[in-house]
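Presented below is the structure to which this report refers.
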Amino acid sequence: MGAKFKRFKREPLLPILIVLVMLSLLVFIVYPLFQIFKSSFVTTDGMFNFDGYKRVLSGGGLFTALTNSLVLAFLSATLSTVIAYLFAYTFAYVKVPFKRLFNGIAILPIISPPFVIALSAMLLLGKQGLITKNLLGLDNANIYGLHGLVLVQTLSFFPIAFLTLSGLLRSISPSLEEASQNMGANKLKTFVTVTLPLSVPGIANAFLLVFVQSLADFGNPMTIGGNYSTVAREIYLQAVGSYNMQSGAALAIVLLTVTLIVYVLQKFWVGKKSYVTVTGKPTGQRRLIESGPIKMILFAFCIIMSCIVIAFYALVPIGSFIKLWGINNSFTLDHYKYVFSIGQKAMKDTLTLALIATPISGLLGMIIAFLIVRKKFLGKKALEIISMLSIAVPGTVIGIGYILSFNKAPLALTGTAVIIIAAFVIRAMPVGIRSGIAALQQIDPSIEEAATNLGAKQAKVFTSVVLPLIKSAFFSGLVNSFVKSMTAMSAVIFLISAKYNLITASILAQVEAGRIGVASAYCTILIIIMIIAMILLNLLVKWMSGPRRTT
Amino acid sequence: MAKTVSLKQISKAFTDDKGKLTYAVEKVNLEIEAGQFVTLLGPSGCGKTTTLRMIAGFEDITSGDIFFGDENVNEVPPNKRDCTMVFQSYALFPHLNVFENIAYGLRIKKLSQEAIRKKVESVLNIMNLNDYLERMPSQLSGGQQQRVALARALVMEPGVLLFDEPLSNLDAKLRVVMRDEIRRIQQQIGITTVYVTHDQSEAMSMSDMIIVMNKGKIEQMGSPMEIYQRPKTKFVADFIGSANFVEGVVKGIDNGRLLIETHSGILKVRRDGFKIGQAVTVVIRPEAVTLTKGTTHLGKITKSIFMGQTQEYEVEYDGQHLQITEHNPIQEHVFQVGHEVSLQFSEDSLHII
């Protein structure tokens with residue numbers, strides 16, 4: 001005890017920091033989840049019963065939403081994984097031109113606002129769609145519903161699967177496949193008996209990641225779900241639409257349970273099964289497939305997919321200049337005029353709040369990562385678990401949790417900027433924590449000890465050694481939290497008020513009112529803001545690291 | 001200024017998963033004179049690195065006291081202790097160039113730009129690193145990185161210099177070069193040095209004093225020659241060089257030589273301090289035996305390997321296999337597997353524990 005106190009006196013910063021971090025996670029993650037749990041058993045008049053769960057599981061509309069979500073998630077995850085595997089395989093095994101371009105296109109949907117693809121789907125395949133009406137001459141095409149959702153989610157989420165799979169395929173040692181060929185197997189046999197089995201854990205991993213994303217998806221079901229109701233949407237409608245908090249909370253708990261199960265499955269069961277060990281040593285160069293039908297097929301596939309993605313992205317800016325898509329195709333700036341007058345406030349609010357949330361979540365992510373990787377303290381395990389599981393908490397769940405928790409004293413935060421910023425930070429932070437942990441684990445702890453040994457204090461060690469070494473993780477954490485905050489919807493849709501409106505909510509309102517042109521203009525502006533912000537952030541980081549001191 | 005270091009009854013205990021207390025280091029006492037080069041030697045897990053890290057302040061001590069000179073440093077945080085360390089992985093700051101790596105500690109001390117430049121330059125001269133100032137650590141070879149790590153520690157002019165297996169990442173030839181260089185610089189500056197290694201040839205060639213550790217305790221300490229020639233325990237005899245052990249009983253004393261009765265005859269050993277009737281273990285170094293075609297102490301060759309400088313034999317003798325080394329083997333005199341040989345023990349080289 002005495003020794004611990006002395007250490008506290010020596011380094012008071014660290015314990016204070018730990019307490020602050022723990023407190024903020026408790027207030028903004030654990031407490032809201034607890035509130036949902038509690039509310040799911042309590043009626044509006046304060047009675048305790050199981051009505052909420054009865055409604056969810058009794059086979060009515062809420063139960064349909066649950067099964068719908070699972071069907072949708074299964075379809076989207078399967079399709080995404082197949083497409084991502086083909087892409088990733090082409091990258092790792094085939095010699096094709098434009099690899100960088102394909103790569104950029106494949107990860108583009110990760111950073112784009114959630115509506116872009118849904119909007120384009122309407123413009124392309126809707127009732128007035130470019131393809132459906134103009135090309136195919138269909139009069140009554142309907143993009144709304146399961147098929148539209150599968151299309152849109154697949155295009156939005158296959159990049160997540162792609163990143164997982166391409167990392168895995170690249171790290172399979174070529175010598176294993178060479179050994180197989182050396183023992184007489186042909187290329188197909190080698191693929192079926194070596195490459196494919198080795199990539200099974202990665203495939204399962206990718207599938208589950210997309211599955212969770214699809215379950216938690218809010219934006220797409222809201223825009224093109226049509227009559228196909230899904231869980232995330234239903235939670236919102238229950239809570240905000242019909243103000244049935246008990247049912248909403250019960251549904252949220254069910255959704256949370258499913259995503260947590262899938263996440264734990266992905267993390268511990270599939271994760272453990274991986275055969276590939278990442279050593280950081282480059283494996284030998286793989287001999288790429290240079291010709292033949294396989295190459296041709298895969299190359300054609302990549303080109304077609306890229307064209308589709310590009311088409312989906314090009315259409316939104318185009319649509320923003322068209323008066324009434326499919327009916328009156330004349331050029332207009334009206335949508336932008338509208339956005340810059342009525343929508344100005346939403347843009348300003350979003351930008352301000354995102355700019356405040358970005359550094360907080362970036363720094364907090366790195367600090368939590370540092371605490372988890374390098375420090376020993378009471379409650380560390382809890383911190384690790386909370387920050388890890390928070391990745392799996394769907395935005396809608398956070399949203400309903402926040403209105404349940406922060407509506408009344410002592411934490412009456414609803415309607416304030418604080419609550420929206422908190423939601424931004426909590427939603428963006430897990431990714432930052434994860435990349436921070438990955439970056440720190442690469443760094444030999446004795447480098448920090450060396451700094452201490454040469455006289456640096458804790459804070460100095462962190463700023464002069466740790467931070468510069470995890471600079472790129474920190475930077476990508478900043479970019480990620482800015483992008484996430486600017487495009488956030490599922491959690492914050494519960495929290496907006498007359499005082500603070502957000503672009504994403506405005507887009508949703510425009511889509512619901514059928515003003516696709518205005519929605520497209522909002523989206524286009526959002527994309528432009530994000531591109532500019534990323535360039536600025538990049539320059540800022542370059543300027544901060546500055547020219548190296550030499551004398 | 002070189003400082004003395006003393007460890008008084010220091011222990012480091014961990015509680016394992018089952019809540020059991022285990023000692024990584026247990027009641028270690030050690031007095032290191034100013035300017036002395038002391039090596040902590042032992043197998044992995046013996047507590048040598050933990051001891052070093054307690055001296056540096058990276059591990060809290062469970063009990064005991066550590067002194068630098070007259071100052072008890074138990075409560076001095078690691079960044080305020082007057083000792084610098086060369087790490088096993090070198091731990092160079094990958095984002096700083098050679099100059100900045102070496103200057104890091106001086107900048108923490110807030111020395112003037114001019115003073116920093118002077119100090120860094122003088123240490124660069126000693127280390128032959130003048131041409132690499134601007135290089136990043138990733139652009140240096142292993143040996144150069146090692147030098148930078150040493151320079152970074154030396155430039156602080158610490159009272160004590162610590163090394164944690166610094167040569168284990170270098171190839172065999174470079175290791176010999178670097179160990180000579182470390183010893184040369186240490187002698188030149190006259191700095192108190194604590195060096196951790198599991199490599200006995202490093203320990204032998206560099207140290208004024210070797211501390212052999214095992215299971216958290218000191219097995220033996222002494223000069224390299226003492227440790228090799230007069231090991232106190234089987235562990236030390238076996239760990240330093242290689243050794244054969246033959247059990248026996250003291251039968252008599254003849255002219256200052258002990259007569260040890262073993263299963264296959266009497267061995268004569270020039271040692272004292274043992275009583276007649278006492279059970280003892282005779283330590284036989286591989287080079288303490290010569291093989292001839294005589295008739296006493298007969299054995300049979302079970303292995304014979306030509307190594308260049310030496311011929312390595314395994315001889316079945318007294319129901320056990322002895323390792324025997326013959327230097328400068330000459331082809332005609334080499335025994336082959338199956339040959340009967342006579343073992344001649346050099347009575348000055350045998351040792352008893």
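Yeah, the Cβs are placed from backbone N, Cα and C, and that goes for glycine too.
TrEMBL entries are annotated by machine, without manual review.
Residues annotated as domain 'ABC transmembrane type-1' in TrEMBL: A:66-266 (among others).
Under the heading domain 'ABC transmembrane type-1', TrEMBL lists A:347-537 (among others).
If you look up TrEMBL, you'll see A:12-34 (among others) marked as transmembrane segment. Tertiary proximity for the transmembrane segment (A:12-34) is limited to same-chain residues at least six positions away from its ends with a CB under 8 Å from its CB atoms, namely 256, 364, 367-368, 371, 375, 377, 379, 382-383, 386-387, 390, 393, 397-398, 401-402, 404-406, 411, 422, 425-426, 458-459.
The transmembrane segment annotation in TrEMBL covers A:70-94 (among others).
What TrEMBL records for A:101-124 (among others) is transmembrane segment.
Counting residues 6+ beyond its ends, the transmembrane segment (A:144-169) has Cβ neighbours under 8 Å at 68, 71-72, 75-77, 79-81, 83-85, 87-89, 91-93, 106-110, 114, 117-118, 121, 125, 195, 199, 201-203, 205-207, 209-210, 213-214, 217, 220-221, 224-228, 230, 274, 276, 308-309, 312 in the same chain. Among the features that TrEMBL reports, transmembrane segment is placed at A:144-169 (among others).
According to TrEMBL, the transmembrane segment annotation covers A:190-212 (among others).
The feature transmembrane segment is assigned by TrEMBL to A:247-265 (among others).
Taken from TrEMBL, the feature transmembrane segment covers A:296-316 (among others).
Annotation source TrEMBL lists transmembrane segment at A:351-373 (among others).
The transmembrane segment annotation in TrEMBL covers A:385-405 (among others).
Among residues of the same chain six or more beyond the transmembrane segment (A:411-429), those with a C-beta under 8 A of the stretch's C-beta atoms are 27-29, 353-354, 356-358, 360-361, 364-365, 368, 387, 390, 395, 398-399, 402-403, 405, 480-481, 484-485, 488, 491-492, 495-497, 499-500, 502. As annotated by TrEMBL, transmembrane segment applies to A:411-429 (among others).
The transmembrane segment annotation in TrEMBL covers A:516-541 (among others).
Taking Cβ pairs closer than 8 Å, the transmembrane segment (A:516-541) reaches residues 111-113, 115-116, 119, 122-123, 316-317, 319-320, 322-325, 332, 334-336, 338-339, 343, 347, 351, 471, 475, 478-479, 482-483, 486-487, 503, 506-507, 510 in its own chain, all 6 or more past its ends.
When each of A:70-94, A:101-124, A:296-316, A:385-405 is checked for Cβ pairs under 8 Å to the transmembrane segment (A:247-265), A:385-405 comes out on top. Tertiary proximity for the transmembrane segment (A:296-316) is limited to same-chain residues at least six positions away from its ends with a CB under 8 Å from its CB atoms, namely 83, 86-87, 89-90, 94, 96, 98, 101-102, 105-106, 108-109, 112, 116-117, 119-121, 123-124, 130, 155, 520, 523-524, 527.
Of the candidate ranges A:101-124, A:351-373, A:385-405, A:101-124 contributes the most Cβ pairs within a distance under 8 Å of the transmembrane segment (A:70-94).
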